[in-house]
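Data block below; observations after.
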Amino acid sequence: MMNSHTRRVSRTMESYERYVILAIIFSFARCTSASVTHYSIPEEMKEGSVVANLATDLGLDMKTLNQRKMRLDIIANKKYLDLNKETGELYVVEKIDREHICPTKSLASCYLKLEVILDNPVRIFNIEVEILDINDNAPQFRRDAIHLDISEATSRGERFSLSNAVDPDVGSNSVKTYYLSESEYFNIEVQTGRDGSKFADLILKKTLDREKKPVHNLILTAIDGGTPARSGTASVIVRVLDTNDNTPTFDKDNMNIKMMENSPIGSLVVDLNATDLDEGLNSDITYSYSLYTSEKTQETFNLNPTTGEITVKGVLNYEDFRIYDMEVIAADKGATSLTGQCTIKILVEDMNDNHPEISIKSFQSPVTENIELDTVIAVVSVSDKDSGDNGIVDLRVPDNMPFKLRESSDNYYELVVSEPLDREKVSEYDITFTVTDRGSPPLSDNETMTLELLDVNDNVPQFPQSFYTIRVMENNAPGALLSSLTAFDPDLHENQYLVYFIIEKEIANTSMSMLFSINPENGNLYALKTFDYEIEKEFLFHIEARDSGSPPLSSNVTVHIIIVDQNDNAPVIVSPWRAHGSVVEEKIPRSTDKGSLVAKVIALDNDSVHNSRITYQFLQVTDATLFSLDQYNGEIRTMRMFSYRDPRHQRLVVVAKDNGEPALSATVTIKLTTMETAVKAYSDMTEEPLEYDIFSDINLYLVIGLGSVSFLLLITILVTIVIKCQKPKPSKAAPPSRNSVISERNSTIADSTLVSNDAYWYSLFLAETRKGKLVVRQPLPKGSRYIVSSIPRGTGLTDTSDSAASTLQASTTSSSSST
């Protein structure tokens, strides 16, 4: 199936063949009438195409053409045609472009002039070949783009000339008409010139608006009259020129802008943007405040006339000024300036920049410590210049204080006493009122007030101790300071001033104020006399401390005075008994075994336990290898049996020393005589007085007299008791020891329990008189059985004033009971 192009070429060739035939016929017709032979051919024929057979047309013999040297000469043109010398045919050797050969469109026809030359005979034939135009060129504009500037103020119907298109073809093949692309603003009108050329005028059919469409792009098309028709195009660019027909316009005519107070100087408030649809100076905008904008606003905010930026110029304070109103004008720079307006309201937002304030309206100080609960001591008001949460405040006082806040009215608070006050615990309070707002971050303020408490007499004097034990060394000097019994009263001033008294108490018809004295101002306790431990060992009384308040308060304390013993009594040797300054003589069998008890030294000391602790030692001894002395119980025992070499008489000097500082002592000399045979026990013993070294002769006689009377009374009592008692009661003394010793004469009281039927024993007791202590010796009947518990080792008769008897006395009493 042939396409459209093939069909179009076929139709062209058919037209061309018909055209050649007609041209040949036309040429023959001319040959008969003129000497010039005419041919017509279309341009753009293919190379080799035969135009005509000149031999036949000129009546020449084709056989003689070579002989006659037939040749072709083209005049004033390029050789487009040539001659076939064999056949005499004229053919195309080069494609012919009519527009090139005949560039001037004014010529109606275009010819190629030829000469055919023959020799023998010479003949010249003139030939004209007319080149016929075909539509081989499209219309073409001189410029591809046609630029037009049209003001938007141009009225409708205005005409604008456009460049015409040219077409090298002629006749119907040249430009025939113009067409314009579709546009609501423009159309064209085709005009014919005097030379027959065609051109178009652009006509404005609708008013232009640059702001809507600043540029219009159109296409102008020129079409020739050939078959097929050819066309050419050009761009028509219409630029709409601006006129100042638009006012500046803001994005918003009304604005509400929130700005935080205390914004830094230079902070951007708003960047105004006014637009003008015009261009050039008509759209160049300047900004300014209108006359309706207050001076306060203009002083606070800066308006940039070029950019429209509004920035902070002054201090923004919510508490001073909260709303700023302004009107800004935007004006273009056109010949006739147009303006636009914008109203702006700047709302200053509060920030927490004001500290809350405290105002002390009333404060009562000092107050008494016994003030009643819920008593108002202060009235406080609080305030904050900020708004919202920034202006809501909370007031508080420390939690660890006996006060609380009570809201009385709007922002007024009362400080009341919530717990009992005690000046002695806390004398004054530094009360800090702290007020805090609820902003973010919160701000606070505080104020401290000092509340002073006045004292009331609500505390009794207090002694550091409830019981005082004071030790006083005997033989003290009268007026000596014993102790300072100072009481404390936490009250103040006269409520704190104390006076001290001794509460009267009599002991043995003696008032305490006769024995002791106390300083009423400072509580110093003094002794008024010298104390003797052996007579007075302790005192118990009370001291009162009384303040000077109204009414006065008082308290008392118990004082226990203990007299401390001094080593002021030397030991007294009570066994073996001896006369003052005499030597004790004892007889002992020479056959005494080793370890036998020879004698026992007993010393008593009236001092206290420590000072009466006695030790014994030999001061002199005839033979140190024969006797031993127990340093604690004073027993003298044999260390070996006597030999015939030992002297008959042995002299022992024993010293009894107490444990005092310095130590006191007493000595006794014992003269031992050894006997060959056993010594008979005497049935009766001569009573001899036993006394302390400190006894006088008068005391000795008194003791002997009292002893004789007491002996007779004691014998009578013992006989009566023995008759009435069938069985003697056991003694409460220590149980008898297995070791028993029998003394031949004046028996020494042994440390162990002793049972004897032969020896005489003496009951010793101490009688207290105003002048001193006496030791009385009383004999027991011969043949009596008795149990004696001796004095414990290292123990003296120390407690003679007590009702309980000493160990030695108890033993003697027990022995008497048994008898």
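Even glycines carry a Cβ here, placed using N, Cα and C.
Per TrEMBL, the feature domain 'Cadherin' maps to 33-141, 142-250, 251-358, 359-463, 464-573, 588-691. Sequence annotations record features per position, and here TrEMBL assigns transmembrane segment to 700-723. What TrEMBL lists as region 'Disordered' is 796-819. Positions annotated as compositional bias 'Low complexity' by TrEMBL: 797-819.
In the predicted model, residues of the domain 'Cadherin' (33-141) average a pLDDT of 84.
Sorting the domain 'Cadherin' (464-573) by DSSP state (H, G, I as helix; E, B as strand; all else coil) yields 7 helix, 52 strand, 51 coil. The domain 'Cadherin' (33-141): residue composition by secondary structure is 12 helix, 42 strand, 55 coil, according to DSSP. Broken down by DSSP into helix, strand and coil, the domain 'Cadherin' (359-463) contains 4 helix, 54 strand, 47 coil.
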